[in-house]
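Everything below concerns the one structure shown next.
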Amino acid sequence: MGKFQVISHPLIQHKLSILRRTTTSTKDFRELVDEIAMLMGYEVSRDLPLEDVEIQTPVATTVQKQLAGKKLAIVPILRAGIGMVDGFLSLVPAAKVGHIGMYRDEETFQPVEYLVKLPEDIDQRQIFVVDPMLATGGSAILAVDSLKKRGAASIKFVCLVAAPEGVAALQEAHPDVDIYTAALDEKLNEHGYIVPGLGDAGDRLFGTK
């Protein structure tokens, strides 16, 4: 079974509390998602492998560390996942970015995929799938399905808020995928929204309804 971790860093929890509030403006919401994503990126990249490299400083030759192993890719689930991309890129600017577009059928609560645009070498990369919400788990499962169909094998899922139902569904469908979240909330309501949650992340990011 893959790792499941709630990242309880004080700065993340403080910013998440502001993010949840109904009074938080679109501008502030967007900035907070970016900031939390960057902080989470720092945490979820802790186990990236390193290798020795010889470099020359102005004073001497020395052996130091650099990232090794697979190159990185960030794959947001559209549209809300876009809000988390820049936070990750501020840490790993050389990472490539793919996109998986989905919308939720409001009657069945099931995701419908409408776009998959990925780096050609996606099968050779460590992938961070990002989406602010892990609700039913349907979108996350479909996104990982799409990646695995294209040969991807090293995948982590990163969200800001998760429901227990979504975590369980993703773990059952893809037990090899690590899941990271800033909060594990209580449940889903009858409309498939996370409680207490933070509302519709896409609408709040982009000022739409």
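Every residue number used here counts from 1 along the chain in the order it is shown.
Using the three backbone atoms N, Cα and C, a Cβ is placed for every residue, glycine included.
Copied from Swiss-Prot, the annotated features are:
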BINDING   R79, R104, D131, P132, M133, L134, A135, T136, G137, G138, S139, D200  5-phospho-alpha-D-ribose 1-diphosphate binding site
BINDING   I194, G199, D200, A201  uracil binding site
Cβ-Cβ neighbours of I194 (uracil binding site) (radius 10 Å): 26
Candidates R79, D131, M133, G137, S139 (binding-site residues) - the one closest to I194 (uracil binding site) by CA: M133
Pairwise Cα distance maximum in Å, 5-phospho-alpha-D-ribose 1-diphosphate-binding residues per record: R79, R104, D131, P132, M133, L134, A135, T136, G137, G138, S139, D200: 17
Output field, uracil shell: CB within 8 Å of site CB centroid, site I194, G199, D200, A201 dropped: P132, M133, V161, Y193, G197, L198, G202, D203, R204
Pairwise CA distance, G199 (uracil binding site) versus G137 (5-phospho-alpha-D-ribose 1-diphosphate binding site), rounded so that it is a whole Å: 16
Cβ contacts of S139 (5-phospho-alpha-D-ribose 1-diphosphate binding site) (under 8 Å, same chain, 6 or more positions away): I77, M102, R104, P111, D131
Secondary structure of A201 (uracil binding site) (DSSP, helix/strand/coil): helix
Neighbour tally for G199 (uracil binding site), based on other Cβ positions within 10 Å of its Cβ: 17
A201 (uracil binding site) and M133 (5-phospho-alpha-D-ribose 1-diphosphate binding site), Cα-Cα, nearest whole angstrom: 7
Pairwise Cα distance for A201 (uracil binding site)/A135 (5-phospho-alpha-D-ribose 1-diphosphate binding site) [Å, integer]: 11
Between A135 (5-phospho-alpha-D-ribose 1-diphosphate binding site) and D200 (uracil binding site), the C-alpha gap once rounded to whole angstrom: 11
